[in-house]
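Visitor: Below is one structure. I have some questions about it.
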Amino acid sequence: MTRYVFITGGVVSSLGKGLASAALAALLQARGYRVRLRKLDPYLNVDPGTMSPTQHGEVFVTDDGAETDLDLGHYERFTGLPASRADNVTTGRIYLDIITKERRGDYLGATIQVIPHVTNAIKAFVLDGNDDYDFVLVEIGGTVGDIEGLPFFEAIRQIGQERPRGSVCYLHLTLLPYIPSAGELKTKPTQHSVKELRSIGIQPDILLCRCDRPIPVDERRKLGLFCNVRESAVIEARDVDTIYAVPLSYREAGLDREILAHFQMKPEGEPKLERWQNILERVRNPEGEVTIAIVGKYTGLKDAYKSLTEALTHGGIANNVRVNLEWIEAEVFEREDPAPFLEGLHGILVPGGFGQRGAEGKIRAARYARERNIPYFGICFGMQMAVIEAARSLAGITDANSTEFGETREPVVGLLTEWMRGNELERRAAESDLGGTMRLGAYKATLAEGTKIAQMYGDTEISERHRHRYEVNMAYRECLEAKGLRFSGTSPDGLLPETVEHEGHPWFIGVQFHPELKSRPFEPHPLFKGFIAAAIEQSRLV
């Protein structure tokens with residue numbers, strides 16, 4: 001029988017429901033159970049693909065091309081299980097599907113209502129395709145009391161009524177704030193949050209309490225009494241120094257044991273957490289450190305680069321060093337000399353992005369790395385800016401630019417719906433070979449033998465995830481390669497450039513895809529492993 005755990009949040013947002021869900025899944029995996037993770041997002045957007053990264057954080061892209069919430073990245077990194085479009089749904093997607101069916105006449109003239117039509121659609125999503133799993137963990141985005149979340153809470157309430165007794169658990173993540181003047185943790189916000197949850201028909205079975213210090217026995221007893229849960233079900237979720245300590249912290253607090261007790265399942269031995277202990281040891285006790293500059297466009301919200309920062313951490317784990325990050329807004333380099341900001345650093349990473357803002361700053365960062373022989377890693381937009389820099393500085397194409405920024409005489413970078421014949425832009429229809437305007441999901445690529453990137457992968461055939469509208473123009477390949485910028489990887493048909501590298505440079509690589517989306521703490525991505533290794537070599541020179 002499949003068992004369902006619904007993870008809700010209260011008191012404040014951004015408590016870490018995604019990490020809590022991922023950590024619980026890791027603990028259940030460590031006990032040998034088959035686990036699936038799913039996310040319900042109450043916002044009205046169909047998906048986060050068009051949402052501002054400075055508001056919502058990064059868009060996590062799955063192998064099958066879904067643009068999803070960043071929490072799915074946590075799910076993949078902690079469990080090693082690939083997510084798909086079937087693991088994330090929004091209010092916008094639910095309503096779009098229902099309205100499409102209504103316009104088609106599928107409801108045979110019925111009045112379409114939130115109950116039962118919207119709630120039934122949510123239930124169908126949650127319950128679909130779970131027969132092969134022991135546990136399905138479902139995170140509900142937002143906070144209890146949000147108006148847009150009500151249909152989702154009603155749907156999971158109904159699931160609890162309709163499923164066999166003992167097959168559903170409601171876990172509520174909440175906050176116990178410490179008030180210095182009173183010298184104590186306050187339970188009242190949690191009591192009110194649970195009261196709100198109970199008012200819509202859901203009695204939490206387990207309270208997972210975020211706090212920065214131990215919960216006194218009296219406070220734990222009070223929470224159990226007034227929130228109507230067992231005292232043993234009040235679980236301490238203490239703040240930790242790294243997210244990779246969370247599974248072990250939850251294990252110590254007894255979360256996995258309480259979950260099994262709720263389902264009346266007898267634990268068989270102890271969870272196998274050796275690999276988590278090894279990772280934590282490497283994170284907390286590195287043998288050295290390097291400093292990497294991230295020259296980005298959305299540095300005001302670090303969640304905009306969540307997978308990227310974690311992938312850099314994984315690269316550090318692989319090389320047993322701590323990776324320190326220097327966040328630099330790309331626009332700064334359009335006004336100021338990059339040298340004072342970048343001198344003494346051990347690597348420069350220019351990540352993806354959209355739009356003209358900060359583009360020239362990223363180009364200047366690429367030039368600085370090339371001229372000073374500093375390791376450079378350009379991802380998506382970062383690769384495109386590196387190619388434009390090479391075209392201008394090495395090939396003498398002074399007007400080289402991207403059509404993303406307007407008309408240009410030298411379209412070194414163009415839309416996927418455009419193709420170049422010489423310097424002429426040929427418009428491509430959406431149904432032509434190059435597809436639509438956004439290249440999403442996993443695509444295969446072929447790497448040239450003997451290149452630095454092929455050596456790092458240990459293979460010439462790879463598959464990586466993409467999210468971009470623009471591509472480097474292959475018409476410029478010959479003149480750029482003559483100046484030392486090698487097109488080291490292409491699509492299998494040879495039409496689209498996937499990777500470039502500067503020959504003669506210690507480590508200068510650009511990739512059109514997003515390798516950070518496939519990096520795991522237990523399987524660091526080879527490019528991040530190689531980039532940090534190059535940064536270590538650079539640290540010995542400065």
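Each Cβ is built from the backbone N, Cα and C atoms, and glycine gets one as well.
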Visitor: Need one residue: from Lys101, Lys222, Lys266, the one Swiss-Prot lists with Ser13, Asp146, Ile147, Glu148, Lys186, Thr187, Lys188, Pro189, Thr190, Gln191 for CTP.
Guide: Lys222
Visitor: Record says Ser14, Leu15, Gly16, Lys17, Gly18, Leu19, Arg238, Asp239, Val240 bind ATP. Source is Swiss-Prot. Which of Asp71, Asp87, Asp303 does it list for that same site?
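Guide: Record check against Swiss-Prot: ATP site with Ser14, Leu15, Gly16, Lys17, Gly18, Leu19, Arg238, Asp239, Val240, extra candidate from Asp71, Asp87, Asp303 is Asp71.
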Visitor: Given that Swiss-Prot lists Gly353, Phe381, Gly382, Met383, Gln384, Glu404 as binding L-glutamine, which residue among Arg439, Arg465, Arg469 does it place in the same site?
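Guide: The one candidate that Swiss-Prot places in that L-glutamine site: Arg469.
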Visitor: Quick one: of the binding-site residues Lys186, Lys188, Thr190, Gln384, which has its CA closest to the CA of Glu516 (active site)?
Guide: Gln384
Visitor: How many angstrom lie between the most widely spaced Cα atoms of the CTP binders Ser13, Asp146, Ile147, Glu148, Lys186, Thr187, Lys188, Pro189, Thr190, Gln191, Lys222?
Guide: 31
Visitor: Would you mind checking how many other C-beta atoms are within 10 angstroms of the C-beta on Ile147 (CTP binding site)?
Guide: 8
Visitor: So the record assigns Gly353, Phe381, Gly382, Met383, Gln384, Glu404, Arg469 to L-glutamine. If I measure every Cα pair among those residues, what is the longest distance in angstrom, as a whole number?
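Guide: Taking every pair among Gly353, Phe381, Gly382, Met383, Gln384, Glu404, Arg469, the longest Cα gap is 14 Å.
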Visitor: In Å, how large is the greatest distance between any two Cα atoms among Ser14, Leu15, Gly16, Lys17, Gly18, Leu19, Asp71, Arg238, Asp239, Val240, the listed binders of ATP?
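Guide: Overall maximum Cα spacing for these binding residues reaches 20 Å.
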